[in-house]
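Please read the structure below before turning to the comments.
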Amino acid sequence: MLSRQQDPIVALASAPGRGAVGIVRVSSPQSLEPLVEALCGRALQPRHAHYLPFLSAQGEAIDRGLALYFNAPHSYSGEHVLELQAHGGPVVLQLLLARCLEAAAELDELGRPRLAALRLAEPGEFTRRAFLNGKLDLAQAEAVADLIDASTEAAARSAGRALAGALSVEVGGLRDALIQLRMLVEATLDFPEEEIDFLQAADALGKLQRLLVQLDTLLARSRQGAILREGIKVVLAGQPNVGKSSLLNALAGAELAIVTPIPGTTRDRLSQTIQIEGVPLHISDTAGLRDTEDVVERIGVARSWDAIADADVLLFLHDLTRLADADYQAEDAAIQARLSGVDPARLVQVFNKADSGAAPLQLPEGALSLSAKTGEGLEALRQRLLQQVGWQALPEGQFIARERHVQALQRTRGHVQLALQQAEHAVLDLMAEELRLAHDALGEITGAYTADDLLGEIFSRFCIGK
Ligand SMILES: Nc1nc2c(c(=O)[nH]1)N(C=O)[C@@H](CNc1ccc(C(=O)N[C@@H](CCC(=O)O)C(=O)O)cc1)CN2
Ligand SMILES: Nc1nc2c(ncn2[C@@H]2O[C@H](COP(=O)(O)OP(=O)(O)OP(=O)(O)O)[C@@H](O)[C@H]2O)c(=O)[nH]1
Ligand SMILES: [Mg+2]
(Lines of atoms letter the chains of each structure in order from A and count residues from 1; the text may use other names and numbers.)
(Lines give C-alpha, C1' and ligand atoms only; values in the text may rest on other atoms or scores of the structure.)
(Ligands and ions follow the chains in the order given, each with its own letter.)
Protein backbone atom coordinates (compact mmCIF):
# COMPACT_ATOMS: atom_id res chain seq x y z
CA MET A 1 0.00 0.00 0.00
CA LEU A 2 1.41 3.37 -0.93
CA SER A 3 2.22 5.66 1.96
CA ARG A 4 2.88 9.33 1.40
CA GLN A 5 4.77 11.83 3.46
CA GLN A 6 2.08 13.86 5.22
CA ASP A 7 1.79 16.90 7.44
CA PRO A 8 0.91 16.24 11.06
CA ILE A 9 -2.77 16.88 11.80
CA VAL A 10 -4.88 17.62 14.86
CA ALA A 11 -8.64 17.60 15.50
CA LEU A 12 -11.30 17.08 18.09
CA ALA A 13 -12.24 13.42 17.95
CA SER A 14 -15.67 13.97 19.49
CA ALA A 15 -18.59 16.24 18.74
CA PRO A 16 -17.82 19.45 20.67
CA GLY A 17 -20.30 20.51 23.28
CA ARG A 18 -22.01 17.19 23.70
CA GLY A 19 -19.66 14.59 25.15
CA ALA A 20 -18.83 14.21 28.81
CA VAL A 21 -15.31 13.34 27.70
CA GLY A 22 -13.70 14.90 24.65
CA ILE A 23 -10.58 13.82 22.81
CA VAL A 24 -8.05 15.96 21.00
CA ARG A 25 -6.16 13.70 18.63
CA VAL A 26 -2.87 14.36 16.85
CA SER A 27 -1.50 12.12 14.11
CA SER A 28 1.93 12.58 12.58
CA PRO A 29 4.47 10.69 10.50
CA GLN A 30 7.17 12.29 12.70
CA SER A 31 7.56 11.52 16.36
CA LEU A 32 5.28 13.51 18.66
CA GLU A 33 7.62 13.35 21.63
CA PRO A 34 8.58 17.08 21.54
CA LEU A 35 4.89 18.00 21.49
CA VAL A 36 4.12 15.57 24.33
CA GLU A 37 6.88 17.14 26.39
CA ALA A 38 5.31 20.61 25.99
CA LEU A 39 1.71 19.54 26.61
CA CYS A 40 2.20 16.94 29.32
CA GLY A 41 5.48 18.09 30.83
CA ARG A 42 6.93 14.59 30.63
CA ALA A 43 7.46 11.62 28.33
CA LEU A 44 4.69 9.03 27.93
CA GLN A 45 5.02 5.30 27.81
CA PRO A 46 3.40 4.19 24.53
CA ARG A 47 -0.05 2.61 24.86
CA HIS A 48 -0.32 3.46 28.56
CA ALA A 49 -2.86 5.84 30.03
CA HIS A 50 -1.33 8.68 32.05
CA TYR A 51 -3.41 10.99 34.24
CA LEU A 52 -1.82 14.42 34.17
CA PRO A 53 -2.38 18.15 33.64
CA PHE A 54 -2.49 19.48 30.08
CA LEU A 55 -0.21 22.51 30.20
CA SER A 56 -0.71 25.97 28.77
CA ALA A 57 2.25 28.00 27.45
CA GLN A 58 2.50 29.49 30.98
CA GLY A 59 2.68 26.02 32.52
CA GLU A 60 -0.84 26.18 33.99
CA ALA A 61 -3.24 23.26 33.79
CA ILE A 62 -5.86 23.86 31.06
CA ASP A 63 -7.48 20.64 32.24
CA ARG A 64 -6.43 17.39 33.89
CA GLY A 65 -7.08 14.25 31.92
CA LEU A 66 -5.73 11.10 30.32
CA ALA A 67 -2.94 11.23 27.78
CA LEU A 68 -2.24 8.31 25.45
CA TYR A 69 0.64 7.91 23.07
CA PHE A 70 0.67 5.41 20.22
CA ASN A 71 3.93 4.74 18.42
CA ALA A 72 3.80 4.31 14.64
CA PRO A 73 2.72 1.99 13.17
CA HIS A 74 0.74 0.67 16.14
CA SER A 75 -2.09 3.18 16.11
CA TYR A 76 -5.43 3.85 14.46
CA SER A 77 -3.88 5.85 11.61
CA GLY A 78 -0.65 3.85 11.46
CA GLU A 79 1.23 7.07 12.33
CA HIS A 80 2.38 8.40 15.70
CA VAL A 81 -0.77 9.38 17.56
CA LEU A 82 -1.30 11.46 20.69
CA GLU A 83 -4.67 11.56 22.40
CA LEU A 84 -5.58 14.03 25.08
CA GLN A 85 -8.76 12.84 26.74
CA ALA A 86 -10.20 15.86 28.50
CA HIS A 87 -13.45 17.06 30.00
CA GLY A 88 -15.90 17.44 27.15
CA GLY A 89 -16.83 21.11 27.33
CA PRO A 90 -16.59 22.91 23.99
CA VAL A 91 -14.51 25.78 25.32
CA VAL A 92 -11.95 23.66 27.14
CA LEU A 93 -11.59 21.42 24.07
CA GLN A 94 -11.06 24.41 21.78
CA LEU A 95 -8.43 25.71 24.21
CA LEU A 96 -6.64 22.38 24.10
CA LEU A 97 -6.79 22.26 20.32
CA ALA A 98 -5.39 25.78 20.08
CA ARG A 99 -2.72 24.85 22.62
CA CYS A 100 -1.62 21.90 20.46
CA LEU A 101 -1.17 24.19 17.46
CA GLU A 102 0.64 26.75 19.60
CA ALA A 103 2.94 24.17 21.20
CA ALA A 104 3.75 22.70 17.79
CA ALA A 105 4.95 26.12 16.62
CA GLU A 106 7.11 26.75 19.72
CA LEU A 107 10.82 26.69 18.93
CA ASP A 108 13.25 24.32 20.59
CA GLU A 109 16.86 25.17 21.66
CA LEU A 110 17.99 24.79 18.04
CA GLY A 111 15.35 27.22 16.83
CA ARG A 112 13.18 24.58 15.15
CA PRO A 113 9.45 24.19 15.74
CA ARG A 114 8.55 21.25 17.96
CA LEU A 115 6.26 19.90 15.26
CA ALA A 116 6.51 21.77 11.96
CA ALA A 117 3.39 22.24 9.84
CA LEU A 118 0.83 20.88 12.34
CA ARG A 119 -2.60 21.81 10.98
CA LEU A 120 -6.26 21.02 11.52
CA ALA A 121 -7.39 17.74 9.99
CA GLU A 122 -9.76 17.55 7.06
CA PRO A 123 -12.89 15.40 7.29
CA GLY A 124 -11.98 11.72 7.38
CA GLU A 125 -8.27 12.41 7.28
CA PHE A 126 -7.31 10.12 10.18
CA THR A 127 -9.18 7.26 8.54
CA ARG A 128 -7.79 8.16 5.12
CA ARG A 129 -4.31 7.80 6.59
CA ALA A 130 -5.28 4.50 8.20
CA PHE A 131 -6.28 3.37 4.69
CA LEU A 132 -3.12 4.68 3.03
CA ASN A 133 -1.02 2.99 5.72
CA GLY A 134 -2.76 -0.34 5.19
CA LYS A 135 -4.54 -0.39 8.57
CA LEU A 136 -7.95 -0.70 6.91
CA ASP A 137 -9.00 -1.41 3.36
CA LEU A 138 -11.44 0.87 1.60
CA ALA A 139 -14.53 -1.21 2.38
CA GLN A 140 -13.61 -1.12 6.08
CA ALA A 141 -12.93 2.62 6.00
CA GLU A 142 -16.37 3.15 4.48
CA ALA A 143 -17.81 0.93 7.20
CA VAL A 144 -16.38 3.30 9.84
CA ALA A 145 -18.46 6.15 8.40
CA ASP A 146 -21.48 3.87 7.99
CA LEU A 147 -21.20 2.73 11.60
CA ILE A 148 -21.24 6.33 12.80
CA ASP A 149 -24.15 7.24 10.51
CA ALA A 150 -26.17 4.06 11.12
CA SER A 151 -29.82 4.97 11.73
CA THR A 152 -30.98 1.60 13.07
CA GLU A 153 -29.48 -1.14 15.25
CA ALA A 154 -29.51 -3.56 12.33
CA ALA A 155 -27.59 -1.06 10.21
CA ALA A 156 -25.06 -0.53 13.00
CA ARG A 157 -24.57 -4.27 13.45
CA SER A 158 -24.03 -4.83 9.77
CA ALA A 159 -21.60 -1.89 9.59
CA GLY A 160 -19.76 -3.51 12.50
CA ARG A 161 -19.48 -6.70 10.47
CA ALA A 162 -18.10 -4.82 7.48
CA LEU A 163 -15.65 -2.97 9.73
CA ALA A 164 -14.45 -6.30 11.08
CA GLY A 165 -13.76 -7.23 7.46
CA ALA A 166 -16.73 -9.42 6.51
CA LEU A 167 -17.11 -7.87 3.05
CA SER A 168 -13.36 -7.69 2.58
CA VAL A 169 -12.92 -11.37 3.43
CA GLU A 170 -15.58 -12.41 0.90
CA VAL A 171 -14.05 -10.17 -1.76
CA GLY A 172 -10.62 -11.58 -0.90
CA GLY A 173 -11.87 -15.14 -1.42
CA LEU A 174 -13.23 -14.24 -4.84
CA ARG A 175 -10.04 -12.44 -5.70
CA ASP A 176 -7.94 -15.51 -4.82
CA ALA A 177 -10.13 -17.69 -7.03
CA LEU A 178 -9.72 -15.18 -9.87
CA ILE A 179 -5.97 -15.05 -9.44
CA GLN A 180 -5.76 -18.84 -9.62
CA LEU A 181 -7.75 -18.86 -12.84
CA ARG A 182 -5.68 -16.06 -14.31
CA MET A 183 -2.46 -17.91 -13.54
CA LEU A 184 -3.85 -21.02 -15.13
CA VAL A 185 -4.93 -19.22 -18.30
CA GLU A 186 -1.75 -17.19 -18.60
CA ALA A 187 0.31 -20.37 -18.25
CA THR A 188 -1.82 -22.13 -20.84
CA LEU A 189 -1.35 -19.25 -23.29
CA ASP A 190 2.33 -20.10 -23.34
CA PHE A 191 1.58 -23.57 -24.73
CA PRO A 192 -0.96 -22.85 -27.48
CA GLU A 193 -1.11 -26.36 -28.93
CA GLU A 194 -2.34 -27.78 -25.64
CA GLU A 195 -4.87 -25.08 -24.77
CA ILE A 196 -8.02 -27.13 -24.78
CA ASP A 197 -6.56 -30.03 -22.81
CA PHE A 198 -5.21 -27.64 -20.24
CA LEU A 199 -8.58 -26.04 -19.67
CA GLN A 200 -10.33 -29.38 -19.36
CA ALA A 201 -7.77 -30.87 -17.06
CA ALA A 202 -8.03 -27.88 -14.76
CA ASP A 203 -11.84 -27.77 -14.94
CA ALA A 204 -11.71 -24.09 -15.90
CA LEU A 205 -15.37 -24.03 -16.89
CA GLY A 206 -16.44 -25.51 -13.58
CA LYS A 207 -14.31 -22.99 -11.70
CA LEU A 208 -15.83 -20.10 -13.62
CA GLN A 209 -19.34 -21.37 -12.98
CA ARG A 210 -18.66 -21.68 -9.27
CA LEU A 211 -17.25 -18.17 -9.28
CA LEU A 212 -20.48 -16.88 -10.81
CA VAL A 213 -22.52 -18.57 -8.08
CA GLN A 214 -20.31 -17.06 -5.38
CA LEU A 215 -20.61 -13.63 -6.98
CA ASP A 216 -24.40 -13.93 -7.02
CA THR A 217 -24.47 -14.80 -3.33
CA LEU A 218 -22.24 -11.88 -2.47
CA LEU A 219 -24.29 -9.56 -4.68
CA ALA A 220 -27.46 -10.57 -2.85
CA ARG A 221 -25.86 -9.88 0.54
CA SER A 222 -24.45 -6.57 -0.64
CA ARG A 223 -27.80 -5.43 -2.05
CA GLN A 224 -29.39 -6.09 1.32
CA GLY A 225 -26.54 -4.24 2.99
CA ALA A 226 -27.04 -1.28 0.67
CA ILE A 227 -30.74 -1.16 1.61
CA LEU A 228 -29.77 -1.12 5.30
CA ARG A 229 -27.33 1.69 4.72
CA GLU A 230 -29.32 3.92 2.43
CA GLY A 231 -32.80 3.15 3.73
CA ILE A 232 -35.89 3.48 1.57
CA LYS A 233 -37.61 6.71 0.54
CA VAL A 234 -41.35 6.25 0.99
CA VAL A 235 -43.72 9.03 -0.07
CA LEU A 236 -47.36 9.36 1.00
CA ALA A 237 -49.40 11.16 -1.65
CA GLY A 238 -53.01 11.55 -2.68
CA GLN A 239 -55.90 14.00 -2.68
CA PRO A 240 -56.48 16.23 0.33
CA ASN A 241 -58.13 14.66 3.37
CA VAL A 242 -57.54 11.01 2.37
CA GLY A 243 -55.51 10.40 5.55
CA LYS A 244 -51.85 10.80 4.50
CA SER A 245 -50.84 12.61 7.66
CA SER A 246 -52.81 10.14 9.77
CA LEU A 247 -50.92 7.28 8.11
CA LEU A 248 -47.55 8.95 8.72
CA ASN A 249 -48.48 9.31 12.39
CA ALA A 250 -49.67 5.71 12.58
CA LEU A 251 -46.46 4.36 11.02
CA ALA A 252 -44.27 6.56 13.20
CA GLY A 253 -46.28 5.88 16.34
CA ALA A 254 -46.29 9.59 17.17
CA GLU A 255 -48.37 12.68 16.45
CA LEU A 256 -45.89 14.27 14.06
CA ALA A 257 -48.16 15.76 11.43
CA ILE A 258 -51.24 17.89 12.03
CA VAL A 259 -54.46 16.00 11.26
CA THR A 260 -57.78 17.81 10.84
CA PRO A 261 -60.98 17.19 8.87
CA ILE A 262 -60.14 20.27 6.79
CA PRO A 263 -58.85 19.42 3.31
CA GLY A 264 -55.53 21.15 2.64
CA THR A 265 -54.23 20.83 6.19
CA THR A 266 -50.74 19.75 5.16
CA ARG A 267 -49.04 22.34 3.01
CA ASP A 268 -45.42 21.27 3.14
CA ARG A 269 -43.44 18.07 2.95
CA LEU A 270 -42.75 16.50 6.36
CA SER A 271 -40.25 13.65 6.65
CA GLN A 272 -39.51 11.19 9.38
CA THR A 273 -37.25 8.14 9.53
CA ILE A 274 -38.80 5.05 11.05
CA GLN A 275 -37.67 1.45 10.93
CA ILE A 276 -39.29 -1.81 10.01
CA GLU A 277 -37.35 -4.91 11.02
CA GLY A 278 -34.24 -2.75 11.22
CA VAL A 279 -34.61 -1.30 7.73
CA PRO A 280 -34.60 2.51 7.81
CA LEU A 281 -37.59 4.05 6.05
CA HIS A 282 -37.54 7.75 5.27
CA ILE A 283 -41.24 8.55 5.09
CA SER A 284 -42.55 11.83 3.69
CA ASP A 285 -46.04 13.19 4.20
CA THR A 286 -47.01 15.63 1.46
CA ALA A 287 -49.60 18.28 0.70
CA GLY A 288 -52.80 16.86 -0.80
CA LEU A 289 -52.83 17.03 -4.60
CA ARG A 290 -55.36 19.51 -5.94
CA ASP A 291 -55.67 22.68 -8.02
CA THR A 292 -55.85 25.65 -5.75
CA GLU A 293 -55.69 29.44 -5.84
CA ASP A 294 -53.84 29.53 -2.53
CA VAL A 295 -50.26 30.55 -3.30
CA VAL A 296 -48.73 28.72 -0.36
CA GLU A 297 -50.65 25.53 -1.01
CA ARG A 298 -49.68 25.62 -4.70
CA ILE A 299 -46.02 25.58 -3.74
CA GLY A 300 -46.76 22.71 -1.36
CA VAL A 301 -48.47 20.73 -4.12
CA ALA A 302 -45.51 21.32 -6.46
CA ARG A 303 -43.30 19.89 -3.72
CA SER A 304 -45.57 16.88 -3.47
CA TRP A 305 -44.94 16.15 -7.15
CA ASP A 306 -41.18 16.53 -6.62
CA ALA A 307 -41.37 14.07 -3.75
CA ILE A 308 -43.36 11.64 -5.91
CA ALA A 309 -40.67 11.75 -8.60
CA ASP A 310 -37.98 11.05 -6.01
CA ALA A 311 -39.67 8.16 -4.16
CA ASP A 312 -38.37 4.59 -3.98
CA VAL A 313 -41.90 3.60 -3.03
CA LEU A 314 -44.95 5.77 -3.62
CA LEU A 315 -47.94 5.03 -1.38
CA PHE A 316 -50.86 6.58 -3.22
CA LEU A 317 -53.78 6.97 -0.83
CA HIS A 318 -57.49 6.82 -1.65
CA ASP A 319 -60.40 7.62 0.63
CA LEU A 320 -62.83 4.68 0.68
CA THR A 321 -65.64 6.93 1.92
CA ARG A 322 -65.48 9.17 -1.12
CA LEU A 323 -64.92 6.77 -4.01
CA ALA A 324 -68.48 7.28 -5.30
CA ASP A 325 -68.22 11.06 -5.15
CA ALA A 326 -68.15 12.61 -8.66
CA ASP A 327 -65.73 15.44 -7.81
CA TYR A 328 -63.40 12.98 -6.13
CA GLN A 329 -63.49 10.72 -9.18
CA ALA A 330 -62.76 13.58 -11.58
CA GLU A 331 -59.78 14.71 -9.50
CA ASP A 332 -58.58 11.14 -9.24
CA ALA A 333 -58.71 10.63 -13.01
CA ALA A 334 -56.56 13.74 -13.53
CA ILE A 335 -54.02 12.66 -10.92
CA GLN A 336 -53.82 9.07 -12.16
CA ALA A 337 -53.10 10.38 -15.68
CA ARG A 338 -50.17 12.31 -14.32
CA LEU A 339 -49.04 9.33 -12.23
CA SER A 340 -48.80 7.18 -15.34
CA GLY A 341 -45.23 8.46 -15.62
CA VAL A 342 -44.37 6.70 -12.34
CA ASP A 343 -42.82 3.24 -12.64
CA PRO A 344 -45.65 0.87 -11.60
CA ALA A 345 -43.12 -1.21 -9.68
CA ARG A 346 -42.67 1.76 -7.31
CA LEU A 347 -46.37 2.47 -6.86
CA VAL A 348 -48.67 0.98 -4.23
CA GLN A 349 -52.34 2.00 -4.17
CA VAL A 350 -53.65 2.24 -0.61
CA PHE A 351 -57.35 2.53 0.25
CA ASN A 352 -57.71 4.23 3.62
CA LYS A 353 -60.55 4.52 6.15
CA ALA A 354 -61.42 0.81 5.98
CA ASP A 355 -62.99 1.24 9.44
CA SER A 356 -65.67 3.57 8.08
CA GLY A 357 -67.91 0.76 6.87
CA ALA A 358 -67.85 2.22 3.37
CA ALA A 359 -69.20 -0.13 0.74
CA PRO A 360 -66.86 -3.08 0.22
CA LEU A 361 -65.03 -2.71 -2.98
CA GLN A 362 -63.22 -4.78 -5.51
CA LEU A 363 -59.66 -3.55 -4.93
CA PRO A 364 -57.37 -3.21 -7.92
CA GLU A 365 -54.70 -5.89 -8.20
CA GLY A 366 -51.94 -5.34 -5.65
CA ALA A 367 -53.80 -2.62 -3.75
CA LEU A 368 -54.07 -2.58 0.04
CA SER A 369 -56.91 -1.46 2.23
CA LEU A 370 -56.28 -0.23 5.75
CA SER A 371 -57.30 2.17 8.45
CA ALA A 372 -54.83 4.76 9.66
CA LYS A 373 -57.29 5.36 12.48
CA THR A 374 -57.59 1.84 13.94
CA GLY A 375 -54.33 0.39 12.66
CA GLU A 376 -56.11 -2.35 10.77
CA GLY A 377 -54.01 -3.43 7.75
CA LEU A 378 -50.90 -1.57 8.90
CA GLU A 379 -48.86 -4.72 9.42
CA ALA A 380 -49.64 -5.85 5.88
CA LEU A 381 -48.50 -2.44 4.67
CA ARG A 382 -45.21 -2.76 6.56
CA GLN A 383 -44.55 -6.17 5.03
CA ARG A 384 -45.45 -4.84 1.61
CA LEU A 385 -42.95 -2.00 1.96
CA LEU A 386 -40.13 -4.43 2.73
CA GLN A 387 -41.18 -6.74 -0.07
CA GLN A 388 -41.42 -3.81 -2.47
CA VAL A 389 -37.69 -3.07 -2.17
CA GLY A 390 -36.63 -6.70 -2.14
CA TRP A 391 -35.66 -6.85 1.52
CA GLN A 392 -34.93 -10.27 2.96
CA ALA A 393 -33.26 -10.75 6.30
CA LEU A 394 -30.45 -13.15 5.41
CA PRO A 395 -29.59 -15.95 7.83
CA GLU A 396 -25.82 -15.35 7.51
CA GLY A 397 -26.34 -11.66 8.23
CA GLN A 398 -25.79 -8.89 5.74
CA PHE A 399 -22.92 -6.49 6.04
CA ILE A 400 -23.29 -2.87 5.23
CA ALA A 401 -22.50 -2.22 1.60
CA ARG A 402 -22.81 0.72 -0.67
CA GLU A 403 -24.20 1.14 -4.13
CA ARG A 404 -20.56 1.49 -5.22
CA HIS A 405 -19.85 -2.05 -4.02
CA VAL A 406 -22.93 -3.49 -5.67
CA GLN A 407 -21.93 -1.90 -8.97
CA ALA A 408 -18.35 -3.13 -8.77
CA LEU A 409 -19.64 -6.65 -8.07
CA GLN A 410 -22.01 -6.42 -11.02
CA ARG A 411 -19.18 -5.39 -13.32
CA THR A 412 -17.03 -8.22 -11.98
CA ARG A 413 -19.85 -10.63 -12.66
CA GLY A 414 -20.24 -9.32 -16.22
CA HIS A 415 -16.58 -9.95 -16.98
CA VAL A 416 -16.61 -13.43 -15.43
CA GLN A 417 -19.66 -14.23 -17.54
CA LEU A 418 -17.82 -13.12 -20.69
CA ALA A 419 -14.73 -15.08 -19.63
CA LEU A 420 -16.94 -18.15 -19.36
CA GLN A 421 -18.24 -17.61 -22.90
CA GLN A 422 -14.71 -17.24 -24.23
CA ALA A 423 -13.66 -20.35 -22.35
CA GLU A 424 -16.49 -22.32 -23.90
CA HIS A 425 -15.14 -21.35 -27.32
CA ALA A 426 -11.58 -21.87 -26.12
CA VAL A 427 -10.56 -18.29 -27.01
CA LEU A 428 -7.97 -18.05 -24.31
CA ASP A 429 -6.50 -14.63 -24.93
CA LEU A 430 -9.93 -12.96 -24.71
CA MET A 431 -10.74 -15.06 -21.67
CA ALA A 432 -7.53 -13.86 -20.04
CA GLU A 433 -8.48 -10.25 -20.76
CA GLU A 434 -11.96 -10.64 -19.24
CA LEU A 435 -10.46 -12.22 -16.12
CA ARG A 436 -8.08 -9.29 -15.82
CA LEU A 437 -10.97 -6.84 -16.05
CA ALA A 438 -12.94 -8.85 -13.48
CA HIS A 439 -9.95 -8.72 -11.15
CA ASP A 440 -9.68 -4.92 -11.54
CA ALA A 441 -13.40 -4.39 -10.91
CA LEU A 442 -13.24 -6.50 -7.75
CA GLY A 443 -10.18 -4.58 -6.57
CA GLU A 444 -12.14 -1.33 -6.55
CA ILE A 445 -14.15 -2.53 -3.55
CA THR A 446 -11.25 -2.86 -1.15
CA GLY A 447 -9.32 -0.03 -2.77
CA ALA A 448 -6.58 -2.08 -4.43
CA TYR A 449 -7.28 -0.10 -7.61
CA THR A 450 -9.02 3.13 -6.80
CA ALA A 451 -8.76 6.52 -8.41
CA ASP A 452 -7.68 9.43 -6.19
CA ASP A 453 -10.83 11.43 -6.90
CA LEU A 454 -12.99 8.54 -5.66
CA LEU A 455 -10.94 8.44 -2.46
CA GLY A 456 -11.43 12.20 -2.08
CA GLU A 457 -15.16 11.77 -2.52
CA ILE A 458 -15.38 8.92 -0.02
CA PHE A 459 -13.35 10.54 2.76
CA SER A 460 -14.79 14.03 2.38
CA ARG A 461 -18.12 12.63 3.60
CA PHE A 462 -16.66 11.71 6.96
CA CYS A 463 -16.92 14.06 9.89
CA ILE A 464 -13.90 16.07 10.98
CA GLY A 465 -11.81 14.22 13.55
CA LYS A 466 -12.54 10.77 12.12
N1 LIG B 1 -9.54 6.56 22.52
C2 LIG B 1 -9.90 6.09 21.32
N3 LIG B 1 -10.94 5.26 21.22
C4 LIG B 1 -11.32 4.79 20.00
C5 LIG B 1 -10.62 5.16 18.83
C6 LIG B 1 -9.51 6.04 18.98
O7 LIG B 1 -8.87 6.44 17.98
N8 LIG B 1 -9.19 6.47 20.23
N9 LIG B 1 -11.04 4.67 17.60
C10 LIG B 1 -10.97 5.40 16.44
O11 LIG B 1 -11.59 5.12 15.45
C12 LIG B 1 -11.78 3.42 17.58
C13 LIG B 1 -10.84 2.29 17.85
N14 LIG B 1 -9.89 2.14 16.79
C15 LIG B 1 -8.56 1.83 16.99
C16 LIG B 1 -7.93 1.04 16.04
C17 LIG B 1 -6.63 0.64 16.21
C18 LIG B 1 -5.93 1.06 17.32
C19 LIG B 1 -4.53 0.60 17.55
O20 LIG B 1 -3.88 1.00 18.50
N21 LIG B 1 -4.01 -0.29 16.71
C22 LIG B 1 -2.68 -0.86 16.82
C23 LIG B 1 -2.60 -1.93 17.89
C24 LIG B 1 -3.56 -3.05 17.69
C25 LIG B 1 -3.49 -4.08 18.80
O26 LIG B 1 -3.05 -3.83 19.92
O27 LIG B 1 -3.93 -5.21 18.50
C28 LIG B 1 -2.25 -1.39 15.49
O29 LIG B 1 -3.09 -1.47 14.59
O30 LIG B 1 -1.07 -1.72 15.35
C31 LIG B 1 -6.55 1.88 18.25
C32 LIG B 1 -7.87 2.27 18.07
C33 LIG B 1 -12.86 3.51 18.60
N34 LIG B 1 -12.35 3.93 19.91
N1 LIG C 1 -62.60 6.98 9.76
C2 LIG C 1 -61.37 7.27 9.44
N3 LIG C 1 -60.97 8.56 9.36
C4 LIG C 1 -59.71 8.82 9.03
C5 LIG C 1 -58.78 7.80 8.79
N6 LIG C 1 -57.60 8.37 8.47
C7 LIG C 1 -57.78 9.70 8.53
N8 LIG C 1 -59.06 9.97 8.86
C9 LIG C 1 -59.65 11.30 9.02
O10 LIG C 1 -59.60 11.98 7.79
C11 LIG C 1 -59.37 13.38 8.00
C12 LIG C 1 -58.14 13.83 7.21
O13 LIG C 1 -57.00 13.17 7.72
P14 LIG C 1 -55.53 13.68 7.40
O15 LIG C 1 -54.61 12.65 7.89
O16 LIG C 1 -55.34 15.07 7.88
O17 LIG C 1 -55.60 13.69 5.82
P18 LIG C 1 -54.50 14.21 4.79
O19 LIG C 1 -54.53 13.31 3.64
O20 LIG C 1 -53.21 14.40 5.47
O21 LIG C 1 -55.11 15.61 4.37
P22 LIG C 1 -54.36 16.92 3.79
O23 LIG C 1 -53.25 17.23 4.69
O24 LIG C 1 -55.42 17.93 3.81
O25 LIG C 1 -53.92 16.60 2.41
C26 LIG C 1 -59.19 13.55 9.50
O27 LIG C 1 -60.41 13.98 10.04
C28 LIG C 1 -58.86 12.17 9.99
O29 LIG C 1 -59.25 11.93 11.31
C30 LIG C 1 -59.23 6.45 8.90
O31 LIG C 1 -58.48 5.47 8.70
N32 LIG C 1 -60.52 6.25 9.22
MG1 LIG D 1 -52.07 16.04 5.79
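Residue 1 is the first one shown; counting continues down the chain.
Keep in mind that glycine also has a Cβ here, set from the backbone N, Cα and C atoms.
Owing to the predicted nature of the structure, the values given are computational and were not obtained by experimental measurement.
The K(+) site recorded in TrEMBL includes Thr260, Ile262, Thr265, and the single candidate from Asn241, Asn352 that the record places there is Asn241. Secondary structure at Ser245 (Mg(2+) binding site), taken from DSSP and collapsed to helix, strand or coil, is helix.
Confidence in the domain 'TrmE-type G' (231-390), given as mean pLDDT, stands at 95. Taking each of the binding-site residues Arg25, Lys135, Lys244, Lys353 in turn and counting other Cβ atoms within 10 Å of its Cβ gives the largest count for Lys244.
Once the Cα atoms of Arg25, Glu83, Lys135, Lys466, the listed binders of (6S)-5-formyl-5,6,7,8-tetrahydrofolate, are compared pairwise, the greatest separation found is 18 Å. The Cβ centroid of Asn241, Thr260, Ile262, Thr265 marks the K(+) site; residues of that chain outside this set whose Cβ lies within 8 Å of it are Pro240, Val259, Pro261, Pro263, Gly264, Thr266, given in sequence order. Distance noted between the C-alpha atoms of Thr266 (GTP binding site) and Ser245 (Mg(2+) binding site) is 8 Å. The binding-site residues Arg25, Lys135, Lys244, Ala287, Lys353, Lys466 include none with a CA atom within 10 A of the CA of Thr260 (K(+) binding site).
Counting other Cβ atoms within 10 Å of each Cβ, the binding-site residues Ile262, Ala287 show the lowest value at Ile262.
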